[in-house]
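Engineer: Below you'll find the structure I mean.
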């Protein structure tokens, strides 16, 4: 195991995060504040409680997820795509680095950045609404599983993309809409039939509810199924990334 | 003789497009030498380097680095190799010192500021250690790439077109630096378009063309065997034909009868020089006004070899 390589990649990626610290941290704080103003203050006046939780607090897990998913994908995909684009990938490919080291470096850094942002959002939310996390340990576990699996997903996108446009398509056109339609701002029970059934085919519903259960002990779906779906996604992405490194697909000629 | 630091046997590479870039390359690189790999564009030089360094997946054959199978013991093999690519590929926003330290880490070496300083000083980059790479000139960026490749103290260094886009003065500096590295025990394989570069530095020359290694020889032997010395004699008076006593001499006459061209191999020139010809001309009473000699360069030999196969 090349531990020095993990440290080098992780440090390099985190340094990139530090270079854009203001943009990296200020943007989610501003976005979260706006969501609270629009959804919490404006709509919260009409929707006092959802499943016994004040509406402002109810949307916190979904808001965290909205940022965590997009940032995990963006950071990991950019982390591997940029060296491919600039040609500096030669160094990674010619170094004594295996799948585990590359993943620990790139995916570890992307997941770390997302976790930092999640904490920033949580702190920002505190300025707007009071909340209490019922299962803090599970909240950490869910966040870790989600950030790591979506960072892996981002890594795959970064390997697949052959232009900056393709890098943006999946997060903007698929993940963000699915997150908005995945119960971020509402409970599945609030939807009329057949939408309340159709929405269960959206995998993001399970992520939002997993996190919401960890926060407030409430969920629209079976929590074991939610945890199972996240784990399945994690294993699937890890398998694809291992395939990429083993075969050199899109990396080696 | 010690075991080769790099042994390539039957190496082939066929791309998905069907293009066969390498057609059974067999090559051994001796420890501590500078080996120049020459070839026209698209000959397979960069593919060959890529296959050894892990950038290209070979279709067949074996590569052994210091006795280690590059496919099976890839970690140990790659840790011994440094690569300076042809393109100026660097992270433009990173500082010089950080990018060199990063490369050292990638290759499994612990953080060592003294080692980074040593490499930067050797390449006259120490003063620029805090500068972002985007602020450097092209020549400086090239040096940074060399510093990155040397950061983990490799035994075998690949330089793919090291002086491409570098001005004459910097090229000379780079040659001096490469020779110094060789003196420190680093084995160097370089590809170049500047034949002068190979002629100046290489111990052995390899010529690759259309995916095949067509020649591998020590530079001195190559120049001696394939090199020619040509003497051009401008006569005082024109002659109609080469005199009978010179029938066995390798002489040619110009159309106007005023110029004789005498061509011998570099080895013959080394042994006998031009003295016998001068004496014979004198004995035959043939006065001449001028005598010019031209020794063929590696470039002439390279062009003859490659054009001969075209």
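Each residue, glycine too, has its Cβ placed from N, Cα and C.
The domain 'ABC transmembrane type-2' annotation in TrEMBL covers A:19-248. The annotation transmembrane segment is assigned in TrEMBL to A:21-43, A:55-82, A:103-125, A:137-157, A:169-188, A:194-211, A:223-245.
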Engineer: Give the nonlocal contacts of the transmembrane segment (A:103-125) in its own chain as ranges (CB under 8 Å, at least six residues past its ends).
Structural biologist: 5-10, 12-14, 17, 24-25, 28-29, 32-33, 36, 57, 60, 63-64, 67-68, 71-72, 75-76, 79-80, 131, 143-144, 147-148, 150-152, 154-155, 238, 241
Engineer: Which sequence-distant residues neighbour the transmembrane segment (A:169-188)? Criterion: at least 6 residues beyond either end, Cβ under 8 Å.
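Structural biologist: Same-chain residues near the transmembrane segment (A:169-188) but 6 or more away: 39, 43, 50-51, 58-59, 62-63, 65-66, 69-70, 73-74, 77, 157, 196, 199-200, 202-205, 207-209, 220-221.
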Engineer: Short question: most Cβ pairs under 8 Å with the transmembrane segment (A:21-43), which of A:55-82, A:137-157, A:194-211, A:223-245?
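Structural biologist: It is A:55-82, which has the most Cβ pairs under 8 Å.
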Engineer: Looking at A:55-82, A:194-211, A:223-245, which one has the highest count of Cβ pairs under 8 angstroms to the transmembrane segment (A:137-157)?
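Structural biologist: Answer is A:55-82, with the largest number of Cβ pairs below 8 Å.
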